[in-house]
Amino acid sequence: MGAKALFFFALLSFLAVSLRPAFAEDEEDPGLIMNFYRDTCPQAEDIIREQVKLLYKRHKNTAFSWLRNIFHDCAVQSCDASLLLDSTRRTLSEKETDRSFGLRNFRYLDTIKEAVERECPGVVSCADILVLSARDGIVALGGPHIPLKTGRRDGRKSRADVIEQYLPDHNESITVVLERFAAIGIDTPGGVALLGAHSVGRTHCVKLVHRLYPEVDPVLNPDHVEHMLHKCPDSIPDPKAVQYVRNDRGTPMILDNNYYRNILDNKGLLIVDHQLATDKRTKPYVKKMAKSQDYFFKEFARAITILSENNPLTGTKGEIRKQCNVANKLH
């Protein structure tokens, strides 16, 4: 019996030693998880949330920017904050491409990063700050709270050279838009819900004039055309001028399902808005979301979650940038 017991304990010790490296590897890269910074920076998410509230109180339009950021970053190959990188002598930044026209307020993400760095230097990635600020910005706009995982690391290079392969243009067909969403795992109702982000913010006249000049698009609601012409009086607007139309005149600062009622009434500003309300693949979901804000929020939250988890860098991949606009190797 003694010999058998000794053999048994020896076997257990062997198994423990054999299994430990694999377990250690799993611990080293758990991927995206809830409350990733629980041990390394327990105040991180609270700091980000408070900064978002403070900045939104001072500058209401920051919330629109945070919501756009998550799409423009995470939909392009990886959710890695490549959007935030500045141009270098060799590389154009994503921020400066045509597809990023109108994106702004990046300095406020730097403000959030600085607040987090004061608490936990070198721990929290810009990619996670970008995602969490979008989550909290959605709440500031009256949208749902969406529990999102963290643990992303930052990319080191811009993806400006491929951005047009991933981000649909406002003039592209609804087919292309749905295909781009499907490529990252977002189905048709999820895509319809994501476009509900057009419920808030504004659209620059540069993006609208082709529907007004030289002739008005006949599908537009005549009552809305008058307002659009008043806001966009020039057929060739100055891209640097403050000329825009609110996406939703009724509740311009609230993320809600009013957008869907507007586009069913032919008041969508962009071609994609009109197609969303008329295409047989998307119209049933538009109608359902127009009737039920709960359904819109449910699908919107699901789509944002999928978007936020698109091909992240985790573990030892990428880096934790010291400044969100510059890769560490350039410091």
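Including glycine, each Cβ sits where the backbone N, Cα and C put it.
Here CYS324 is paired by TrEMBL through a disulfide bond, and of CYS79, CYS120, CYS126 its partner is CYS126. Annotation: CYS126 carries the greatest number of neighbouring Cβ atoms among the disulfide-bonded residues CYS126, CYS324 [cut-off 10 Å, Cβ to Cβ]. Each of the binding-site residues ASP73, GLU94 was scored by how many other Cβ atoms lie within 10 Å of its Cβ, and the smallest score goes to GLU94. Using a 10 Å Cα-Cα cut-off from HIS72 (active site, proton acceptor), the recorded positions that qualify among CYS79, GLU94, CYS120, CYS126, HIS198 are CYS79, GLU94. Proximity to ASP80 (Ca(2+) 1 binding site), judged by a C-alpha distance within 10 Å, picks out CYS74, CYS126 from the disulfide-bonded residues CYS41, CYS74, CYS120, CYS126, CYS205, CYS232.
Comparing the Cα of CYS232 (disulfide bond) with the Cα of every entry in CYS41, VAL76, SER82, CYS120, these being the recorded positions, the smallest distance points to VAL76.
A Cα-Cα distance of 15 Å separates CYS205 (disulfide bond) from HIS198 (heme b binding site).
Note: CYS41 (disulfide bond) has non-local neighbours VAL116, GLU119, CYS120, VAL123, VAL124, i.e. same-chain residues 6+ apart with C-beta under 8 A of its own C-beta.
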